[in-house]
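> Look at TrEMBL and you will find 7-397 tagged as domain 'Serine hydroxymethyltransferase-like'. Feature annotation from TrEMBL assigns (6S)-5,6,7,8-tetrahydrofolate binding site to L119, G123, H124, L125, S368, P369, F370. Residues or ranges marked as site 'Plays an important role in substrate specificity' in TrEMBL: H227. The annotation N6-(pyridoxal phosphate)lysine is assigned in TrEMBL to K228.
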Amino acid sequence: MLNKTLMAADPEVYRLIEKETERQNQNAEMIASENFASKAVMEAMGTTLTNKYAEGLPGKRYYGGCKFVDVVEDLARDRAKSLFGADWVNVQPHSGAQANAAVYLAMMKPGDKLLGFDLSHGGHLTHGSPVNFSGILYEAHFYGVEKETGRLDMNKIRDKAKAVKPRMISIGASAYTRDFDYEAFRDIADEVGAFLWMDMAHTAGLIAAKQLNNPLPWAHVVTTTTHKTLRGPRGGMILIGRDTENTLGVVAPKSGRVKNWGEVLDGAVFPGTQGGPLMHVIAAKAVAFGEALQPDFVTYQQQVIKNAQAMGRVLTELGYELVSGGTDNHLLLIDLRNKNVTGKDAENLLGRAEITVNKNMVPFDTQSPFVTSGIRVGAPAMTTRGMKEPEFEYLARLLDKAISKPTDEAVHDSVAAEVKALCERFPLYDFISI
Ligand SMILES: *Cc1c(COP(=O)(O)O)cnc(C)c1O
């Protein structure tokens with residue numbers, strides 16, 4: 001993959017990429033939002049398609065010379081549609097946040113109300129954070145999990161929705177370990193006259209493999225990233241289950257015809273929030289969706305859940321408190337308050353021991369977002385390397401060793417050596433160590 005042209009042309013950058021590849025190969029990558037894309041996906045990204053301007057959509061471009069990239073984009077769209085059971089899809093968003101920006105532009109006017117998942121309970125910045133455009137341009141209100149259960153209570157969400165009367169309700173999170181009841185959310189949205197938007201950035205791969213509920217039959221619009229559990233290139237996507245006439249009255253300029261939701265959202269991506277699409281990344285999305293349509297992708301996603309649950313069981317035995325008591329998906333949220341260590345310190349201790357996680361707020365956290373009381377641990381990346389329950393149980397014990405001996409450098413050195421030995425048994429890419 002790393003080829004000799006780059007080594008000769010720019011040894012400085014070449015060397016850094018090589019070092020980063022070694023780093024990825026030699027540590028336990030347990031950041032829940034990360035994964036390892038296949039060589040085929042990466043190869044598609046490093047191609048001539050990066051040279052092409054293709055503003056517009058297949059068959060309706062603002063530039064000539066699009067006959068091949070049109071087919072590429074159609075392939076990506078068709079594969080995404082069959083993967084999720086969608087009527088309509090746009091594969092052009094450069095990232096998850098860009099996909100979400102297009103949804104806001106299509107569905108809301110500045111000042112309109114959003115009801116979203118509380119950020120400190122697992123929600124995402126783009127669901128109304130005061131430092132993000134979503135909280136700056138729109139009036140954000142939040143629902144959250146119950147203190148006793150760590151889970152959502154649909155009756156409380158209904159009450160909140162009735163009180164707020166939002167224009168849009170968002171579902172989706174970066175640190176929630178349970179599945180969502182989309183039908184109940186749609187009921188609430190219909191009752192208060194709101195749009196329902198699901199952001200499945202974290203769980204798209206699990207949903208594609210039918211290991212979690214599919215939101216497409218219930219949400220008006222669904223967004224995702226393509227690089228988390230879906231294991232594709234870094235990017236975003238928007239989908240609609242059943243594409244119907246929009247209720248905002250947006251009409252086609254010439255004919256006066258009422259546009260479908262898909263057309264409204266296409267316009268919100270380009271020209272609404274983006275310029276030219278990244279055709280090399282769209283090619284890589286097509287490759288990744290092709291991989292996700294294969295039977296072994298289902299086996300992979302099943303293993304992701306088994307691994308997260310195996311790790312959760314051992315951590316519970318070791319006295320760790322898991323928010324919501326466990327997990328239905330690919331991640332664990334660990335409340336470290338009974339272990340007398342902050343999320344920030346745990347992240348650093350684990351980093352020294354070559355286990356990469358991120359500090360994370362837990363619901364009703366008593367620490368600031370820079371310190372936090374928890375860590376988030378995810379199974380997708382190490383499962384891609386081929387690890388199964390025994391390795392995840394072992395990783396749980398290593399994690400505990402590193403955290404419970406905060407000042408013992410010898411312990412951290414020995415854990416780091418054990419992690420390295422484990423990683424060597426599960427090589428990441430065969431082009432490593434060139
Ligand atoms: C990761 C994530 C995003 C943002 O994706 P980027 O590609 O980093 O912009 C949006 N929403 C949720 C729920 C996420 O987890």
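Cβ atoms are placed via backbone N, Cα and C, with glycine included.
Note that the structure is a prediction, hence the values are computed from the model and not measured.
Are these features on the surface or tucked inside, and what are their neighbours?
Cβ contacts within 10 Å of H124 ((6S)-5,6,7,8-tetrahydrofolate binding site), excluding its own Cβ and spanning all protein chains shown: 23. In three-state terms derived from DSSP, H124 ((6S)-5,6,7,8-tetrahydrofolate binding site) belongs to neither a helical nor a strand segment and is classed as coil.
Look at H227 (site 'Plays an important role in substrate specificity'): DSSP puts it in coil.
The number of other Cβ atoms within 10 Å of the Cβ belonging to K228 (N6-(pyridoxal phosphate)lysine), over all protein chains shown, comes to 27.
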> Looking only at DSSP and grouping its letters into three states, which state does S368 ((6S)-5,6,7,8-tetrahydrofolate binding site) belong to?
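Note: S368 ((6S)-5,6,7,8-tetrahydrofolate binding site) is coil by DSSP, not helix or strand.
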> What binding-site residues in L119, H124, L125, S368 place CB under 6 Å from ligand 1?
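By the Cβ criterion, which requires under 6 Å to ligand 1, the hits are H124.
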> Where among the binding-site residues L119, L125 do you find the Cβ with the fewest other Cβ atoms within 10 Å?
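Sparsest of the binding-site residues L119, L125 by Cβ contacts within 10 Å: L125.
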> Which site among H227, P369, F370 has the most other CB atoms no more than 10 Å from its CB, taking these as recorded positions?
H227
> Might you list, by sequence position, any residue in that chain lying six or more from G123 ((6S)-5,6,7,8-tetrahydrofolate binding site) with a Cβ less than 8 Å away from its Cβ?
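G116, F117, F142, S170, G172, A173, S174 - these are the non-local Cβ neighbours of G123 ((6S)-5,6,7,8-tetrahydrofolate binding site), listed in sequence order.
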> Given that the record lists L119, G123, H124, L125, S368, P369, F370 as binding (6S)-5,6,7,8-tetrahydrofolate, what is the largest C-alpha to C-alpha distance among them, in Å?
16
> To the nearest whole angstrom, state the Cα distance for the pair S368 ((6S)-5,6,7,8-tetrahydrofolate binding site) and H227 (site 'Plays an important role in substrate specificity').
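Cα-Cα distance, S368 ((6S)-5,6,7,8-tetrahydrofolate binding site) to H227 (site 'Plays an important role in substrate specificity'): 28 Å.
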